[in-house]
Amino acid sequence: MDVASCLGRPTRMAASEGMRMTSHFRSFLSTFILLYLMNQVNSQKKGSPRDVKCVTSDLQAWDCSWRAPSGAGRGALYDVCIQNGSHSSCYQLGKTSTKIPPLNPGQYEITISPLRDFGNSISKFILNEKNVSLIPDPPEILRLSANFSTSTLHLEWSDKGSAFPRHTNVIWEIKVLRKENLELVKLVRSTDNQNKVFPQDKVVPVGSDITFCFVTQEEVSSAQISYAKYPLIHLDGENVAIKVHNISASISSGTNVVFMTSKDMYGTVVFAGYPPDIPQKLNCETYDLKEIICTWDPGRPTALVGPRSTSYTLFESFSGESVKFKRVEAPINESYQLFFQVLPNQEIYDFTLNARNPLGQSESTIFINVTEKVYPRTPTSVRVKDINSTAVTLSWHLPGNFAKIKLLCQVEINKANSVRELRTVTIKGVDNSNYLIAVDKLSPYTVYAFRIRCSSETFWKWSKWSNEKQYLTTEAIPSKGPDTWREWRSDGKNLIIYWKPLPINEANGKILFYNVSYSSEEKTQSLSEIPDPQHKAEIQLDRHDYIISVVAKNSVGSSPPSRIASMEIPNDDLKVEQTVGMGNGILLTWNYDPNMTCDYVIKWCNTSQPQPCLMDWKKVPADSTQAVIESDQFRPGVRYHFFLYGCRSHGYQLLRSVIGYVEELAPTVAPNFTVEDTSADSILVKWEDIPVEELRGFLRGYVFYFEKGERDTSKMRGLESGRSDVKVKNITDISQKTLRIADLQGKTSYHLVLRAYTDGGLGPEKGMFVVTKENSVGLIIAILIPVAVAVIVGVVTSVLCYRKREWIKETFYPDIPNPENCKALQFQKAVCEGSSALKTLEMNPCTPNNIEVLETRTAVPKIEDTEIISPVAERPPDSSEAEPESHLAVSYCPPVIEEEIPNPGPEEAGGTAQVVYIDVQSMYQPQAKPEAEQDADPGVGGGYKPQMHLPVTSAGEEAAVEGDLEKTAGYRPQANVNAWTLVSPDSPRSMDSNSDVVSFGSPCSINSRQFLIPPKDEDSPRSNGGGWSFTNFFQNKPND
């Protein structure tokens, strides 16, 4: 057996052959047989049900059946009532069997009566729980295994949840048959043992304390409830008990209590739940005044199901009738309901709803007048039928017996493009559930949708709406004539008649055709019938006054005629005005004119359409002074032309001509512009008008942008942002079509952009690149300015160079003395061997060997000035007339020539200088000089003279000597001896004695590094150095 069956309702494994009933069960069976005999006696009357039998397999439901009366068909209906004292419950069945829940102990009377063709053949039976046969369900084999070594079979089965009365000894019979011929091999019987757990199937409130006892002869190892183990309480022998405190709510199958032994397990089931709550939201109402439906909310779940679940009984106190709530299982928080039959001649009901389960009971009451608690069902079978073109009859079916009350019904009428209309009617209830009303004030030839809902006159609840029923009313004569207008062609000979199709509410049917006629004082003439899709006609008329009439016809008849005069009164003071719409329309206003006797007509058309243009028209009463023109055909950015006509007694007169837009938009294209003329400093631009279709608004001006830029490089970014390099011109004169841009630069590329704008915004831009012409005056100026600057710079430079010519000559290329004319190095005849005359140094290329010039001086006071006395200074004034002395080129002699100057005596103011030439090897041989010239005065010569001797003058004679030297002609060495450097890298200081001997290099010597002093002018200041400064550049010399 499965574990669940072991824990819920214990079954046993056994090896017995059959099943025997106890003596108690036999008495139960005998009582049932007695009941059967009584049934036979009660059903002797022909045609009544008989042989009632009730059996059960699990004690949770009783299956009762009976034999149908003779002559009853398969579809026979039976009214079955079970009554116990004052409480009864009845229901109808279409079969001869039923399943009822187990009844409480006691006597019950069962009444079964056929409902058709059997008269009053009613059968009554007495039933109690002892008359019910217990027939367990066949067991189910769960597992079968064989042990061939011991020749045994192990069998496990389930009783399928069959319940057996307490203290019943159940015997299971097992047959083992041979498969080939089903020969009985062995018969085994299994009986229950004496191990019992108490209490069995106990129902307790949640939170209770309960004790479970286990009576057994075996040793108990443990005990548990669900999955929790509990300590054992040992009683006498092997009997044990457990104590459970504050038990929790059970699941739907109960809480298992299990005791474990070494061989098997034993147990019971406990059901912990709650007593029933007071029924909440109890409500009783009727759908049809035949049956009362009471509904309620059971409240908190009790956690008890099956035979332990809560049962409900509805009791009516005035009649004493009651009904019980029957269900197999109910979901949690389900809304429960019971049906109570409406009793004849009773409107007031006092209901008490009792709730009962094994843990307690509760009740709720309600008091109602059933005629005021009517909640009708949904009306069905809605039908519509014509009365005339404006009225119909509406019928429907409403289930129920409402003959004693009045019904309040609502009819919803809906038609296209209209507000839903509700009409409420009060009608008397009927028995046959069919109702009929008339609905009038409808429009002819109109599709309506009807739907209905009802309630009682006292009103409790509306029923649900019925399904919609659509219906088209019949046609009627058109109520008005067509709205007409006329237009003359430009030739003035043909008149075009226009009319609008009649709306549905005025056409009252399908318009088939139109009749057009025209009449004057002399004649009347009609045109042929014009079919409906056509809404205009053209008539050839002269300029006389005619009245045109248009009539619409449908299948029922003709409409009243619409008349209009052909005459148009001229107006010479007409100006075209402009306007802009507001929202989706155009507002036109005018002054009141008492001469307008009929009405005003406003017609409009698209200005791009050819003349005569007619888009639509609108008629306004004669006492009006304004009108808003709206149309689904209006589009933003499209120009429309509006004409206001006033109607006089003999024709129409045009009063106003207005062009306008319902909404202005920005232009879609830019103006087409070209460059008419260019110059060096200006550009002339010309542009064309934008077509009206692409302008999309009233033109307010142009915006012109220009900037410097080459093609493909200028991008005109941020034109509206005020860039400094972009020039903007706003042209508000829309008649202007040219613009000259001045103050430009010659031979320069400009980017030009032109845009038009309306009140709707700026249109797109169009641009081009233009290069201005070259400026000739500027070119000439550009050439002349550099030339003039160059000339001026040249003149200034020449003047400066001329004034500073001496300084430039002395600074950059000074005069270099000709060595051939130099007489600074002339020697005595005895100086060199083989030379008796003084010779000048020949300045030919030579390679010097070693030259050292030594100068010595004695210890004398500091020499303030030293001068080289040239023999030229001693020449007499008339020496210029003497013959020039012949000069021979001589070279230095290899032998060492020393010329000693003895120490000066005390009487001398200063010592003499000594020039020593040491080891000078000449590459030239001394030249011989004629005999006649050897006696000549060596001091006479006009050329350069070397330092023969250096006389040192006293301080008193210094000034006189200096003055003489200034008058000496020829080359002079540095006169300012005080400025000479005593220690020179070229003239090392002599190291002998204590006297300061200064070594002077020869001014003509090849190793001289001193500047040569130019001739001194008498008036110029004495120079302190051999360099030059920048300020000398701007100094003028006296002789310049």
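Heads up, the Cβ atoms here are built off N, Cα and C, so glycines get one too.
Automated prediction, rather than curation, is the source of TrEMBL annotations.
According to TrEMBL, the domain 'Fibronectin type-III' annotation covers 278-377, 378-477, 481-572. TrEMBL lists 777-802 with the feature transmembrane segment. Per TrEMBL, region 'Disordered' is recorded for 1009-1040. For 1029-1040, the entry in TrEMBL reads compositional bias 'Polar residues'.
Broken down by DSSP into helix, strand and coil, the domain 'Fibronectin type-III' (378-477) contains 0 helix, 54 strand, 46 coil. With helix defined as DSSP H, G or I and strand as E or B, the domain 'Fibronectin type-III' (278-377) counts 6 helix, 50 strand, 44 coil. Model confidence over the domain 'Fibronectin type-III' (481-572) is summarised by a mean pLDDT of 88. Shown for the domain 'Fibronectin type-III' (481-572): DSSP residue counts in helix, strand and coil, namely 4 helix, 42 strand, 46 coil.
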